[in-house]
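Participant: Among the features that Swiss-Prot reports, ATP binding site is placed at Ala230, Gln231, Thr232, Gly233, Ser234, Gly235, Lys236, Thr237, with the record citing sequence analysis. Per Swiss-Prot, the feature compositional bias 'Low complexity' maps to 46-68. Look at Swiss-Prot and you will find 96-120, 584-601 tagged as compositional bias 'Gly residues'. Swiss-Prot lists 217-408 with the feature domain 'Helicase ATP-binding', giving sequence analysis as the kind of evidence. Here Swiss-Prot flags 419-579 as domain 'Helicase C-terminal', drawing on sequence analysis.
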Amino acid sequence: MADQINMGGLSLNEGGHQGPPQGRSYIPPHMRGRGGPPPAGPQAGGPPVMNGGPPAAAPGPNGIGNSAWANQNYGARQNNWSNDVPTYQGNNNRRGGWGGRGGGYSGGGNFDGHSGGGGAPTARGSGDGQWRDGKHIPGPANPRVERELFGVTAEDPSKQHTGINFEKYDDIPVEASGTDVPEPVHQFTTPPLDEHLCRNIELAHYKVPTPVQKYSIPIVSGGRDLMACAQTGSGKTGGFLFPILSQAFINGPSAVPANAAGQFGRQRKAYPTSLILAPTRELVSQIFDESRKFAYRSWVRPCVVYGGADIGSQLRQIERGCDLLVATPGRLVDLIERGRISLQNIKYLVLDEADRMLDMGFEPQIRRIVEGEDMPQVQDRQTLMFSATFPRDIQMLARDFLKDYIFLSVGRVGSTSENITQKVEYVEDVDKRSVLLDILHSHANGLTLIFVETKRMADSLSDFLINQNFPATSIHGDRTQRERERALEFFRNGRCPILVATAVAARGLDIPHVTHVINYDLPTDVDDYVHRIGRTGRAGNTGIATAFFNRGNRGIVRELMDLLKEANQEVPAFLETIARESSFGGGGRGGRSRGGGGRGGATRDFRKFGGGGFGGNNNGGGGGFNNAGSQGAGFSAGGGGGAGYGGGAGYGGGAGYGGGGYGNPSGPGAQSSWW
């Protein structure tokens, strides 16, 4: 390790590596080898005592851990954690504090319009307009709601949105394939967008459309189906919300079906006209928050439903009106079975992060929603699929859901952005905590997102950071929805600028101002790596992504090298060495193999470049998506002589595609947090 890692002056101990602290206070690299300063009392406004640590006036074992230097170092960090953060309550009381597993942050109050009981957010602030005599009449302005939705100024850190730095990125390559592709737009203007929507876009401080929005707005407004493949952080959410809401404002609500007559009171059924499906609770909540912004003062009432929250509050929200529904597949199936939602009026169907929903075993629910209920047929609706990657097998599946669609590929999708400086460091497992502390001390500003592989590691690492006087919290599937929402909110606003996360937060979340992403544990699939580091460098901004690599990660070494080369990043020599070792040992990709076709088809329209099979040999013998079903034979149903996608007995590694039916998309014993 000593020969391979260069961390800006990091000095190692006599054993050749820097081990965990073992009861000693952490000493930053530039202070090592010096004598400790004399004891000093706490400075005014210094950080609170955390996690039952020693009093602020007492020096650490090396005379440094609680010195004036430590207080000064905190004061230099962005947002000045010490000014307005309540005292952490310690490990003996797991119900509060940044890292407490029992309750997340202990402060009260709600945010983003969410209800206090962990249920669904209300539609407050939207749906105030009317549709009268064939015209859209916006509601009156509400300064309080505007502050909540859009912030006080464009520089408001709690509401500032990425997507405003694309003015200098007009040269981003865009590929649009299909018949009669409309010309892109270059401004948010009327037409093609509705005048009221343009006012809301201005309130949100959007300046110019992002590349994906330039093309998606005229495509969707023209009535075409769309498969959009665009980099994470490129404005995909606005890419489908803008044209859908604009058409709603122009055309008005749909008539209630004749068979809905006589439905009154609490048991009446909702008939949304737009349905947006996404894989995780966090992502649907984020899309809902964005839809509230752009539906402000309009007749459109957005609603959101997801598992893990009180279904009663979600039903009450739907009863107040539901025109645009954002949902996870599992909870939507539940509400359909209860007879509370009908898809009879759907004009727009959006599948966001479509490849992830299929990876997570949601295909049975999606097929039931799209093909097995009362949703209009493919010819009678518009269907939009958005994601950062669309491997060839997912494109083949799109033939069942889309008609005469336009394939849109923006930028070098399926890869990473040059706005992200990627660093890969060789770090053995025993050294990870020590190297992490070095990085956190050397990158003092902005928000840091740390990815780990297990829920236990997320809690353990956040507790460790708190013990080292770093305000940190964790987010993972075992936390309640309310705890996860609080953790994300305090991470967004900078009160808790270090977030340790499992894969539950890896995809889709739009958290502005994340300046550093650290892959403490590398994933086994390079696509997951792409999505993780996509949390920084969003929408033209710059960011840093650091990965801790060792020989345990050799399964993705070749694809990681390809990504680094494609993004014009430095490829460390040790990656070349381990790649050669793997070639002799027969090593290869450790994760899922996307049909053996690598990443070559992830960004191109298979209709142009050919689409024989799903890639590789995994479709031999008549297997594949359509006839694997829930036979327990896996993704390829015996094709290519393998057990299929799940590596065992089915898509989710359980029994058949879902293992556990509609209730748990990943089978018994798997995480239920995804839905």
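The backbone N, Cα and C atoms fix where each Cβ goes, glycine too.
What's the neighbourhood like for each of these?
Facilitator: Every protein chain shown contributes to the tally, and the Cβ of Ala230 (ATP binding site) ends up with 28 other Cβ atoms within 10 Å.
Mean model confidence for the domain 'Helicase C-terminal' (419-579) is a pLDDT of 87.
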Participant: What is the Cβ neighbour count of Lys236 (ATP binding site) at a 10 Å cut-off, with all protein chains included?
Facilitator: 28
Participant: Count the other Cβ atoms sitting within 10 Å of the Cβ of Ser234 (ATP binding site), across every protein chain shown.
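Facilitator: The answer is 28 other Cβ atoms.
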Participant: So, three-state DSSP: helix, strand or coil for Ala230 (ATP binding site)?
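Facilitator: Ala230 (ATP binding site) sits in a strand per DSSP.
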